[in-house]
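Per Swiss-Prot, the feature active site, proton acceptor maps to Glu316, His317. Per Swiss-Prot, NAD(+) binding site is recorded for Tyr119, Gln180, Asn203, and the stated evidence type is sequence analysis. According to Swiss-Prot, the substrate binding site annotation covers Thr226, Gln248, His251, His317, Asp350, Glu404, His409, on the basis of sequence analysis. Per Swiss-Prot, the feature Zn(2+) binding site maps to Gln248, His251, Asp350, His409; the stated evidence is sequence analysis.
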Amino acid sequence: MPMLNAQQFLNQFSLEAPLDESLYPIIRDICQEVKVHGDKALKMYNLTFDHTKTDHLEISHEQIKAAFDTLDEKTKQALQQSYERIKAYQESIKQTNQQLEESVECYEIYHPLESVGIYVPGGKASYPSTVLMTATLAQVAGVENIVVVTPPQPNGVSQEVLAACYITQVNQVFQVGGAQSIAALTYGTETIPKVDKIVGPGNQFVAYAKKYLFGQVGIDQIAGPTEIALIIDDTADLDAIVYDVFAQAEHDELARTYVIGEDAQVLKDLESRIAKALPNVDRYDIVSKSIANQHYLIHASNFDEACHVMNTIAPEHASIQTVNPQPYIEKVKYVGALFIGHYSPEVIGDYVAGPSHVLPTNRTARFTNGLSVNDFLTRNTVIHLSKDTFEQIADSAQHIAHVEALYNHQQSILIRQS
């Protein structure tokens, strides 16, 4: 990829729609089939799409516990440390009900959702971290029923995924994936309970099903390909940056990587190191396609221009690896998560840092946020007025109702004034 100056990049920068519209009829048919035929449809789709025969959709509590008990100690400790850090961070940011003075007449109270479905991807890799980064949040929120769905595998669901479900006290785990699992969580089947909200990343079928069913069920987001944008200078460890780029690229051929810098020579040096390391990289087929088609080097003329490019991209992950990263914290506004300094690589945020790795993609960071414990709470506004307060504001209320020609609204006020 040739180096672009900031203006050249901004002139050509665009993101394709994250979803393939041609999938719509397929998604609609899958959802309808699950709505009508329930578990029978799910087993059929497991065979058709995942080439796995599943006599029992639910994985028993005994199997989940056995997965944890038999897990090697190092993996168990790593998952446990991740869980503890996520739990501590989410507890620190959880919205709580405040003890209020009697004179407070308008306030908010929070309640946990009753039931949540979590989609845990399968296929190209196993993702116990997704369980930790979603189910822990629901647990901290106080969600009563946490349900995980994950695609069936010929050799069974990943033991690491099941162990993470045990650690986070997930209530039920079902081996079903794709759009059909989202439909099952939305409508309910003979085996899978209907939930109030569905969270977790997935492929285009999962994303489109969430979009299609939103309104009948709550969702976290419609995720596109993963992405990272880095701002670097001559103090950055370029060999480390190479693997920050590769780490993102290995997720998906469509993963997008951007490197921004004010020093053109640093960017050229980085690109030569990427080219040198690429032939021997793990997961070469995926990484090489991502680098060939979705990798950008952007030369910014100054600090403000670098920040402007970053805010325009509005990436899922932003990494600042410069001699003085502090000023970027205020200036870089629209990102899913902001990783500051050499010892805060994006990858540590994928696993153990604390905040959830479920983050907005495809420029949606310009108007939405990463998943947090507060996404598993409802917020109710309470209005409890005294007679004195009512009398102070009633005339304004009834007059606005009159202006809007909503006379029953007006009468609701007037009858209380008489």
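Just so it is clear, glycine is given a Cβ too, placed from its N, Cα and C backbone atoms.
Of all Cα pairs drawn from Tyr119, Gln180, Asn203, which the record names as binding NAD(+), the longest spans 12 Å.
Comparing Cα positions, Gln180 (NAD(+) binding site) lies closest to His251 out of the recorded positions His251, Glu316, His317, Asp350. Listed in sequence order, the binding-site residues from Tyr119, Thr226, His409 having a Cα within 10 Å of the Cα of His317 (active site, proton acceptor) are Thr226. Between the alpha carbons (Cα) of Asp350 (substrate binding site) and Glu316 (active site, proton acceptor) lies a span of roughly 12 Å.
Taking the centre of the Cβ atoms of Tyr119, Gln180, Asn203 as the NAD(+) site, the nearby residues of that chain (Cβ within 8 Å, site residues left out) are Pro121, Val149, Pro151, Gly177, Gly178, Ala179, Ser181, Ile182, Gly202, Phe205, Val206, Ala209. Looking at His409 (substrate binding site) and Tyr119 (NAD(+) binding site), their Cα atoms lie 45 Å from each other.
In the structure as shown, the Cβ atom of Asp350 (substrate binding site) sits within 10 Å of 20 other Cβ atoms.
Around Tyr119 (NAD(+) binding site), a 10 Å sphere centred on its CB holds 28 further CB atoms from the protein chains shown. Remark: of the binding-site residues Gln180, Asn203, Thr226, Gln248, the most isolated position is Asn203 (fewest other Cβ atoms within 10 Å of its Cβ). In this structure, the C-alpha atom of Glu316 (active site, proton acceptor) lies 19 angstrom from that of Tyr119 (NAD(+) binding site).
With every protein chain in view, the residue among the recorded positions Glu316, Glu404 whose Cβ has the most Cβ partners within 10 Å turns out to be Glu316. Cβ neighbour count within 10 Å across all protein chains ranks His317 highest among the recorded positions His251, His317, His409. For the pair His251 (substrate binding site) and Asn203 (NAD(+) binding site), the C-alpha distance works out to 11 angstrom. Following the DSSP three-state reduction, the secondary structure of His317 (active site, proton acceptor) is strand.
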